[in-house]
Amino acid sequence: MKTLETQPLAPDCCPSDQDPAPAHPSPHASPMNKNADSELMPPPPERGDPPRLSPDPVAGSAVSQELREGDPVSLSTPLETEFGSPSELSPRIEEQELSENTSLPAEEANGSLSEEEANGPELGSGKAMEDTSGEPAAEDEGDTAWNYSFSQLPRFLSGSWSEFSTQPENFLKGCKWAPDGSCILTNSADNILRIYNLPPELYHEGEQVEYAEMVPVLRMVEGDTIYDYCWYSLMSSAQPDTSYVASSSRENPIHIWDAFTGELRASFRAYNHLDELTAAHSLCFSPDGSQLFCGFNRTVRVFSTARPGRDCEVRATFAKKQGQSGIISCIAFSPAQPLYACGSYGRSLGLYAWDDGSPLALLGGHQGGITHLCFHPDGNRFFSGARKDAELLCWDLRQSGYPLWSLGREVTTNQRIYFDLDPTGQFLVSGSTSGAVSVWDTDGPGNDGKPEPVLSFLPQKDCTNGVSLHPSLPLLATASGQRVFPEPTESGDEGEELGLPLLSTRHVHLECRLQLWWCGGAPDSSIPDDHQGEKGQGGTEGGVGELI
């Protein structure tokens with residue numbers, strides 16, 4: 001059920017028909033060269049020093065035109081991580097009950113860098129992200145305790161809409177805060193990943209400031225439809241070697257992008273039984289950052305982040321007419337147990353041991369293909385959502401035979417509609433195809449044992465497909481938009497409109513935008529309480545939000 005794929009490699013780690021012409025380096029490119037001697041490369045930045053950045057962030061694509069099609073040139077230098085092989089994990093969890101005392105092994109203390117690591121390549125000057133060395137870090141709360149509060153309508157702060165209006169059929173496909181909260185990553189139908197910095201106005205304590213429209217500091221162009229994307233699990237902007245993003249697109253390898261320069265750092269390639277390149281449908285880094293888990297049809301492939309290329313461990317999820325069938329569409333790791341969950345378009349959920357991928361449980365209950373998974377911080381519960389399915393299901397690993405409870409949301413299309421939990425696990429937030437954002441308090445179950453809705457508001461009139469809660473500030477990010485298929489118009493003598501085409505989208509209100517909402521109290525005068533629910537100051541395109 002588990003095999004190791006170690007086929008002989010060409011010098012460039014891929015067949016000749018997959019190699020594009022070498023790309024011209026970006027002006028901000030790191031001095032990496034595939035044929036360069038590592039001794040000639042400058043040493044990496046000191047671990048304790050934050051990257052020194054330009055006062056003006058770089059706006060615009062940092063990827064050369066040659067990277068837009070085919071497979072960008074991969075780097076021969078492996079990704080530098082501070083983690084070795086995974087430690088020994090706890091014994092396999094018995095059938096459907098998990099021990100509450102089982103936990104992931106503690107990280108081993110980082111030793112001194114080896115000579116090879118000390119002479120490794122420099123990973124970029126860091127001109128994309130803003131320098132926060134003189135400002136309070138996003139993850140450092142200082143003397144202020146920021147907590148999410150949904151007792152009032154969230155206040156709109158800022159957003160981005162002009163960036164996505166250049167193409168008439170463009171729309172957002174989700175957003176994700178970086179693990180350290182310094183920036184946010186978006187995906188859209190134009191096959192571009194964009195990185196936005198945290199609005200600098202948030203650092204003006206004690207001042208009334210106007211929020212300007214957000215502008216991306218990096219654009220990373222993929223060659224085709226992006227299937228999935230994710231941040232490195234231990235990403236920190238203070239350590240450039242941990243600041244990168246993984247993405248997978250149709251008929252392309254898995255790409256690792258530098259979050260400071262927008263350049264390609266490495267590629268991971270998977271091949272089918274015909275030795276043809278196949279794309280991953282889902283991506284997830286392991287909690288310790290040493291492995292990248294990728295979902296394929298009836299298979300999960302595990303790559304080592306220290307060895308880019310095609311070498312990987314293949315873990316079958318379906319064999320001998322048993323197991324989890326279908327494309328593995330989403331993967332999530334438990335924060336407290338040595339296991340991970342997989343959702344498939346075959347409407348099933350599977351639990352697997354982290355160390356060897358052995359199956360622990362197979363669950364079913366959704367009416368459509370699974371599109372998103374999220375674990376509760378306690379590690380005992382996880383949530384699942386599916387396409388064309390009006391239910392969010394909560395599962396308890398200690399009694400995983402059936403859902404603990406379900407919550408209602410409107411999902412009427414095949415689009416991936418995200419949901420998220422705040423860092424404490426108290427609030428569950430979900431988007432919907434109607435545009436409404438719903439909030440539940442998971443710590444306050446109602447009379448029937450399931451959480452009661454706390455708030456529901458309408459940030460815009462189009463589909464809200466992405467929601468993401470900031471890891472340390474009470475900031476909610478929402479992404480909107482959907483693919484619209486023209487509908488046939490009415491014909492006949494009565495009510496016929498002259499000049500109206502046979503196919504029309506006149507009944508659809510298109511709004512493609514990224515928006516940030518303040519969902520907390522106001523310890524200082526920079527975010528006053530008495531402005532809750534007011535129109536944001538990000539421009540005339542800014543949203544107000546309506547209670548439902």
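Cβ from N, Cα, C; glycine included.
These numbers come from a predicted model, not from an experiment.
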Between S16, S74, S114, S162, which does Swiss-Prot record as phosphoserine? S114
So which of S64, S248, S290 shows up as phosphoserine in Swiss-Prot? S64
In Swiss-Prot, which of these is labelled phosphoserine: S30, S286? S30
By the record in Swiss-Prot, which of S87, S491 is the one labelled phosphoserine? S491
Among T489, T540, residue with annotation phosphothreonine (source: Swiss-Prot): T489
Where, among 323-364, 365-405, 411-450, do we find the most CB pairs under 8 A to the repeat 'WD 3' (272-313)? 323-364
Within the repeat 'WD 6' (411-450), count helix residues (DSSP H, G, I), strand residues (E, B) and coil residues, in that order. 0 helix, 17 strand, 23 coil
